[in-house]
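Worksheet: one structure, shown below.
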Amino acid sequence: MGKFPPSFRSAIPSTSLIKSRPSQQLQQPHYSPKKPTKKNTPQPHETQTPPPHKSLFKTSSLNEAKILFNSLVSTTKPRLPDNLRLHNSFLQSYTSISTLDDSISLLDHMVKILPSLSPDRSTYHVLLSQSCREPDSSLSSVQKVLNLMVNKGLKPNQVTVDVAIRSLCTVGRVDDAVLLVKEFSSKHSKPDTFTYNFLVKCLCKSRIFNSAYSFIDEMKSSFDINPDLVTYTILIDNVCNAKNIREADRLVAVLKECGLKPDAFLYNTIMKGYCLLNKGIEAGGMKLETASYATFVRALCREGRVAEAYEVFDYAVESKSLPDVAAYTTLESTLKWLKKARENGLAV
């Protein structure tokens, strides 16, 4: 799948609003009986809650915030450095306890007291993240910040889209995130693949699968944004968790029709789904479908788990899920492919 840059490429230079994620998506950790050591590295594509930080402010009083900033300016010798990181951190600390209107007023005051201060997109991204947390049922607060950006000559870009969508989803406003990403796509900037796939994953977690499918279809037809292999891996992971292997098989067929090639992560995801289903199959005496059997065998062989692939073959034959010849042919062709791939030094 290649390397991925951090999913949340926020331009806010102070403490991150949302932690960055590792490059690989949906890679499941291997089981280990040992107690895992605690690490600061977040799991792939999981929305992380920012760690609580001590605010500079004791209250949300706007006057006290202004007085504190004035004090910083007057007591710093020769003067407060024109460091945008410092000023963004100051503003962000206040946004954690204030209203959006007060935060905007504080920024205006900062610029008035320190004319050399020139807010950029990262400054407005601080306000944008706060606007997404406002307790209103509309996107009026978000629109207010976007209008401020545009009026200052700062056109929203893909980082802006990412900040808004992730901030909305973090507080459970997935429907608003869908509405906003459509508006961004039509007026300002389309989401990049990382933001797009993040929203697909949130839809899969919070809604029925049809909602995610509808979103993907609309983004494709209206904005020419096509799902990639990561998108299908997210969808397949969710249908496998629901033990809907038939739908997983259908999605694999669809992605192949789109010219995408399944990789190790996708096969791992499918294999996990079959492992979840396998207990029910054996306990209930259910039969494997031909497509399910073939996908399961290929996934196991790609991972070098040939012995388990033979177990699936035995079960398919014993349960009369499919004719002996068909079961054997699938297993044989897969093993031949595996042998040839290894001889040619290909990674499988």
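Quick reminder: no glycine exception, Cβ is built from N, Cα and C everywhere.
According to TrEMBL, the feature region 'Disordered' maps to 1-57.
The compositional bias 'Polar residues' feature in TrEMBL is assigned to 12-30.
According to TrEMBL, the feature compositional bias 'Low complexity' maps to 39-48.
Under the heading repeat 'PPR', TrEMBL lists 192-222 (among others).
In the predicted model, the repeat 'PPR' (228-262) has a mean pLDDT of 91. Among the features that TrEMBL reports, repeat 'PPR' is placed at 228-262 (among others).
If you look up TrEMBL, you'll see 289-323 (among others) marked as repeat 'PPR'.
Secondary structure of the repeat 'PPR' (192-222) per DSSP, as helix, strand and coil residue counts: 28 helix, 0 strand, 3 coil. Per DSSP, the secondary structure of the repeat 'PPR' (228-262) breaks down as 26 helix, 0 strand, 9 coil.
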